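Colleague: From Swiss-Prot, for reference:
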DISULFID  C36-C50  disulfide bond
DISULFID  C38-C46  disulfide bond
REGION    6-26  region 'Disordered'
REGION    93-107  region 'Endothelin-like'
Amino acid sequence: AAETVVSGAELSLTANSGGEKTPPHAPGLLRRSKRCSCSSLMDKECVYFCHLDIIWVNTPGHIAPYGLGGPFRSKRSLKELFPTKATEHRNRCQCANQKDKKCWNFCQAGKELSSQDTMQKGWDNHKKGKDCSKLGKKCISQQLGNGKK
């Protein structure tokens, strides 16, 4: 007897919260189920939270998502391709279901945490003496002196 392997994407026929079936004009068109859409696929924590049916492979260097380039890719709006100043402070992700409080909290908290992390890293680098661009020769000599200790 032949065995059939079915991926998570093939099992998921809908991604919308209404539970509607695939439209009749597109039979066999499969969509991955997503809790939300991340602003950046480089944000691994967000991708792990949002994409429900991805198999995660633990490689020696890092944990990598397997199967992100699935059989279906939805069209993206021009707003995503050409961001304006109004979208600079966007959320970490956008929830598929606006009533999903856990998702909404994750996306909102993620935005605040990422900006706090950026500010903290900048302050840490300043305290370590790595940012001497505005302080001049005195800063550079202090940095060289700290490196000799």
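Using N, Cα and C of the backbone, Cβ positions are placed for all residues, glycine too.
Quick one: where do these features end up spatially?
Modeller: Shown in sequence order, K34, R35, C36, S37, C38, C93, C103 are the residues of the chain, 6+ apart in sequence, with a C-beta less than 8 angstroms from the C-beta of C50 (disulfide bond).
Neighbour density for C46 (disulfide bond): within 10 A of its CB lie 22 other CB atoms from the protein chains shown.
Summed and averaged per residue, pLDDT over the region 'Endothelin-like' (93-107) gives 93.
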Colleague: Where does C50 (disulfide bond) sit in DSSP terms: helix, strand, or coil?
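Modeller: Going by the DSSP assignment, C50 (disulfide bond) falls within a helical segment, counted as helix.
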